[in-house]
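**Q** Have a look at the structure that comes next, please.
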Amino acid sequence: GEVEQMPWNGNTPVESSRVVVYVDPLDGTNEFASGNFELCTTLLGVCVDGKPMGGVIGQAFFNLRRDEDGKAHRDDLAATPGRVVYGGPGVGVHGLEEHSRSSASTSPQLIVGLNRGVRDERIEPAMEKLKSSLPSDQSIRISRGSASGWHCLQLMEQKHDVYLHLRAGTKKWDTAPGEAMLDAMGGRLTNVAGERYQYDGNHHKNISGVVASLCNETHATALIAIEGVVAQYVRDTDDPSVRKV
């Protein structure tokens with residue numbers, strides 16, 4: 001996919017007034033409280049002129065073993081080295097786990113990441129509309145987790161095909177790191193109307209949900225499915241928290 005160009009020469013110092021840094025020390029608080037530690041991350045996003053240009057996702061608990069009850073093995077909680085994934089447009093993305101999986105167009109399943117804790121009556125009809133747009137031999141599998149950073153990691157490692165959050169709920173610090181790295185890999189993260197958010201430090205809420213994918217074709221397919229179901233969402237490009245693509 002096409003990667004947006006940096007809004008400045010990468011070798012030239014940038015005035016601090018043009019830079020906003022978003023930090024989330026614990027993304028996935030509910031997952032942490034539930035013992036789903038691998039879904040918890042620390043997020044850092046560096047934005048220049050309102051665009052995410054650098055992202056860091058620190059995953060302290062990575063590749064944990066599971067006890068019989070499904071909980072993380074206690075010995076691993078203290079011993080796991082964790083990992084840090086970082087990158088952005090112009091520098092690539094580093095620290096990802098090597099993972100080989102068929103593309104969304106050829107895989108027998110389209111894996112959709114959804115928030116575990118959000119009850120939204122629009123999810124089911126959106127999934128039905130999305131399924132109707134797929135080849136007859138392709139099904140949808142839903143993977144739930146209440147952590148935006150984790151969802152972005154799943155996309156970047158091709159474990160998920162698309163991440164959907166059809167309502168307000170996430171904040172700029174949830175999406176800035178993932179958007180920077182997805183952009184670097186040719187992917188896309190927008191609101192449910194297909195518009196980019198503005199990361200200028202003045203508007204923290206992602207007022208119109210999130211649609212993200214490493215594949216632009218899958219992203220576009222998801223947007224079409226959502227548009228047929230989500231009757232009311234913010235599509236006001238004059239709103240200062242949204243920027244035109």
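Cβ from N, Cα, C; glycine included.
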**Q** In TrEMBL, the Mg(2+) site includes Asp24, Leu26, Asp27. Which of Asp174, Asp183, Asp200 does it also list there?
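**A** Record source TrEMBL; matching candidate: Asp174.
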**Q** Of all the binding-site residues given, Asp24, Asp27, Asp174, which residue's CB has the most CB neighbours within 10 A?
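**A** Comparing the binding-site residues Asp24, Asp27, Asp174, the most crowded Cβ belongs to Asp27.
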**Q** Which of the three DSSP states, helix, strand or coil, fits Asp27 (Mg(2+) binding site)?
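**A** The three-state answer is strand.
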